[in-house]
Every structure is written in structure tokens, then in C-alpha cells.
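Below is one structure, written out as C-alpha cells; the observations come after it.
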Amino acid sequence: MTGPEVVTQRKAAVSVRGLTKTFGEGEYAVTALDAVEVDIRENEFFTLLGPSGCGKTTLLRLIAGFELPTHGVIALEGRDISALPPHRRPINTVFQSYALFPHMTVAENIGFGLRMLGKPAAEIRQTTERMLALVQLEAMAGRRTDQLSGGQQQRVALARALAPAPKVLLLDEPLAALDLKLRKNMQLELKSLQAETGITFVFVTHDQEEALTMSDRIAVMKSGRILQIGSPRDIYDRPTHRFVADFIGDINILDGTIESLDNGIASVRLKDGTAVLAQPGTATAARPGAASIAIRPENVRLAQAGETPTVSGTVENVVYFGAATNLHIRLATGEQMVIRNPGAVEEGRYRPGATIGAVLPPELIRVLE
Amino acid sequence: MADPATAVASPRSAPRRRRMVRDLKAMPGFTAMAWITIVALYLPIMVLVAFSFNENRSVVLWTGFSLDWYAKALENDGIRNAAWVSVKVALFATVISTIVATMAALATTRTRKFTGQGLVYGIINQPLMIPEIVTAIATLSLFALVKKLTGLNGIGYLMMAHAAFCIPFAYMPIRARLETMTLTLEQAAADLYAPPFKVFTLVTLPLLGPGIVSGAMLAFVVSLDDVIITLLIAGPGETTLPIYILGAIRRGITPEINAVSTILVAVSVLLVMLLFFVQRRMQR
């Protein structure tokens, strides 16, 4: 499937089986989740990634208990929790809007969960102090939440959700409201917090870069379905679906036809008749017939002197942006291809109109579903 | 081409709104209209207040300043009793109507949408839509029947009638407040292990507080000012202040009535100002 399993099999923290959620009734019914299956492992940083409306937030809300499934089961450490109300699930949420209680101080907010669990006052105070230190807000304990900056409110929300030491922490686009710099800092902070606490994080985002930076594993969602689950490397290097390949990073996609399959490697004929070898990610992708192949711009190489190019085309644009240079070429098939950092690019070496050959290493070409 | 007006006024788009407001003010007759409105609204009250300080017995002929009529009004047992009845009835009506209105507001905003929800709003707001005299006569007939069946008498009937028509006034600000409160805070509380009752007492109710206070104050003022229903329902010894004033006017207007009315206006204005203050605070 998506490469060898490197991580040793850990127990599933959250198991989702055949989970379907529809909103509305009759002809107005909208399917937000469609028979979703996923196992979120213990202590992992798991990300649900997808465009808005893909069902990622609905899945999170179902795990939290704010919505009840139409069909299917959600299990926490093997125990079916599908019918439990939110206050009886040992799962806490960091809301996108933070949802801090405006009539309580920072410390009262953080201690709320423990108070509801009936913990003794001394323990509540101790844990609250520890949490305040964890998110570096010791000085703010007595403040009202509306006196805090966005980043500080974010930390309070995080501390509040972590204080009761939940089995699973759900984070619903918690960084969306922060400015870029703060966001980058919080990404690293969240990641180290997760490692420190050992709590399973389920993180929802539509930002692919954020997902790649922070996650142990990513589930890419579209229209209520999970298309691919894998490590950031799996998702980036070995996308299985056209949507996944397109959604994450830049990629060149060429249309063709699978002619034969040999030892799991497909021979694909492009529109101009060129045959290339490529790796199908799934059984569906390996079916003979029309197919799309994909290769990252940084994996395309220019043909050396005397080397036979896989494809050739005409330079259309040279786009320089400091750390990298992109060469846009128009292939004989009529399709466009981008080559990133085509060897040492001296200024003015490739001019629009020049004909060049490119080499596509077969092991880096994927056949998409 | 760029909009010439914008280009001349300012390159930014922010002043656009301000300019529109200025334009409205510049329209012919704007100032005159404003003054007519202000005079129509406040001149009668100013006359009333002014003559409450008249030294003379007349309410049309000014002779000099005095506080005699206030002293007289405050010494008048009829007025004092009426004021006490008014306050008792208003307090009772406020408490009952605010509790009912709070429950109604929660039921109409914190539950799943149900068929006939529009009808429910209509039912709650009935006293706002049916002419008050009709409500008054209907209530009178019902109470007559109840009295006949039970033989019970007393001020309770008046209190119940007030509580009933105060409900929509208490309901409106509470519902408005609930609608601006997102469900997320309540969900956050539930997520942090608060069972439904704790969610209500620790999160919903404290946040709803300003709405409840506004609702209660509105109900109090409405009850305090009511004439028509009170006129029909009130029995002997249940004369409220507005009814007393009405009766006194029939015997001839004296500045004493002006003084009482001025006090009533002052109390209402004070409460409404307090209401605005509370609403300002809750918008924070």
C-alpha cells in the first residue's frame, strides 16, 4: 500500500468504524461523513487535513460527542463511546474560537475541568499552577480572559483542555486566528507539548504545511471521506489520489493510459506516445486504462549531455524566488511541467523558447487514483 | 474610472459611511423634523414637570417656584397607599414574568428547532399583538369565573394579570441575549466534564445575567405604568399609582398630580437608564 510500516504497532486510542453523519432530512440531507474508518494510535499527533466542508470538523465533533453518529461506532481504547454525552468522555477540545469563559479568570478557566471532576481544591490549584507554567502564563492567573492577546487566549484554551489530563486532545484549527509568526511558534510549541505530555492529539487543519510540520500521521479528507492516511512523507512522496497530490505541495500531473503492469510497476503511455514507468499507490490506481501520473517539481531533473530524456519540451518561464528557481516548460503532449532547481542555474542560462529534455526517475513517479 | 466622489473625498474607503451620515443630515428639513419630534415627545413632559413646581394651584398659570406639591403628595395617604400597591404588584409581576420568560427563552433557543416554533413565538408575544383592552376584558371574565367558583378574593388576581402581560417584555431581552451567546461556551463546559445542570448554573445563567436583569427591569416598568388592565382587574383597596392619578384628574387637575407624575417619570427614566447601562456592559 503506502510503503512499509515503520512504526511498531501501537494500541489504537480512537477507533472509528463505518462512521456516517448526515445533517437534515429527505431531499435536503447532506452527508458530512461517509463510512469513515480510521485508527488513531496512542500518543500520536494525528492530523485531519482537508479543504473546508470536507468533514474534518464534523469528525472531530463526533469524537468529542457534540454530534451523534447517524451510523457507525467510535471507540476509545476499545470501549464504545458513541452514545456517551461529551461530559462523560475523557476527551477535551481546544476550540477554534477558544471558547474561554468570559466570566472567569484565567486560573478559573484552567481549573474548570478538574473542578467538574470533583478533584480536591489543593490538587486543582497545583495542576492549574503547573499548567500556567507549561504555557508560560503564570503572571496572568488572575486576569480576565478578555484582557489577554489572541496568542495568550490560545494558550489558556490549551492549558484548560490539558489540565484534566484527557486521553485524547482534540484541536479544531486552533492556530487559524493567529498571525503567521505566532503561528509558526505555536506549531513548534504544540508539537513539543504533545511529546512532553504523551497525550494523543487529533488536530484539524486546512493548512497542508502545518500538517506536514507537526504530524506523526495525516489523514487527507475530501467530501466526507478519508482518501489517504500516512506519515507526512507518505502523503508528500507517495500520494495515492489526484486530490491528495494536488492539495499538498506543488506537483506535475500528466494524463496517460496504463498499458501493462509488471511486478507492481505500471507502464504508462503519455498523450504524445512516450512510455514511462510509474508506481501505482493503490490497487485501484493500478487498473489498466486511463490514469494520471504525478511527480514533484524537485524530483524532475534535466537531461545531461548524451542522456536520453524521458520527456522534452519548450521553456515558457523561468521563475526565480531566492532559495529556488522554477522552470516552467510546455511538453510535447501540450501539458505544462514545472522543474524546481534544474541543476546549477546561472542567470540567463534557460531562456523562454529553448528546447530542453527532462528525466523523470521512475521510482519517483506515482500513478494516482 | 474611479468613483469621482471617493477620489475627491479621500483615497481610503473608511470615510464612506461617515459621509453618508453627513449627507442625511444635510437633507432639507432634517433639522426641522428632528425638532418637531423632540418637541412632540418632550414638551408635554416638560410642562408637566415645570408646573409640579408651581406655587399656585393652577397648572396653566405660573406664579413662582415651590416644593409644596411634592410635600403634599408625599403626605397624602391615598398616594402613599397607591404607590405601595404599585410596587408590590410590580415586584411580584417582575419575579414571576422573568422566571417564565427565562424558561421560555431557553426553550426557544437552546433546543433543537421544532415545527411550530414560529407559533410559539407568537403565543409568547400575544400580549403585544392583541389590543390591551381585549386582554383586559378577557382576563376580567376569567377572573370573575374563578372568583365565583373558588370564592377567593384579593390582590393576587391583579398580580397574576400583571405577571402575564409582563412576560413578553421580559422575554425579548433575554432571548436576544441568548441568541448572541454562542453554543460553543456551553459545549466547552460539557467538554470539560460539566453535566447539563452544571453547564446551566455555571455558564449559561451567569452569561445570561445581563439579559435577565434587562428583562426584569423592563417588566417592572411596564407593570408600574399599566392602566387599562389594572383599571378593570383591580378591586377596592388595590388602587395603583396610575389609577389613583386617573381618579384624581377626574376631580380636577392640581399640581399635586403633576408632582406624583413627575416622580413616576423619574423612576421610569432611572430604570430605563439603568437598563441601558446594563446593556452597554453586556456588549463588552
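Yeah, the Cβs are placed from backbone N, Cα and C, and that goes for glycine too.
Annotated features, as they stand in TrEMBL:
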- B:26-53: transmembrane segment (TRANSMEM)
- B:82-107: transmembrane segment (TRANSMEM)
- B:83-275: domain 'ABC transmembrane type-1' (DOMAIN)
- B:128-146: transmembrane segment (TRANSMEM)
- B:152-171: transmembrane segment (TRANSMEM)
- B:199-221: transmembrane segment (TRANSMEM)
- B:227-247: transmembrane segment (TRANSMEM)
- B:259-278: transmembrane segment (TRANSMEM)
Distant-in-sequence neighbours of the transmembrane segment (B:82-107), which means Cβ under 8 A and at least six residues beyond its ends: 120, 124, 155, 158-160, 162-164, 166-171, 174-175, 178, 204, 208, 211-212, 215-216, 219-220, 223-224, 230, 237-244
Range from B:128-146, B:227-247, B:259-278 with the greatest count of C-beta pairs under 8 A to the transmembrane segment (B:199-221): B:259-278
Any contact, the transmembrane segment (B:128-146) to the transmembrane segment (B:259-278), with at least 3 Cβ pairs under 8 A: no
Long-range neighbours of the transmembrane segment (B:26-53), counting only residues six or more past its ends (CB under 8 A): 59-60, 62, 65-67, 69-70, 255, 258-259, 261-262, 265
Beyond the flanks of the transmembrane segment (B:227-247) by 6 or more, those residues with Cβ under 8 Å of it: 78-79, 81-83, 85-86, 89, 132-133, 135-137, 139-140, 143, 153-155, 157-158, 161-162, 165, 257, 260-261, 264
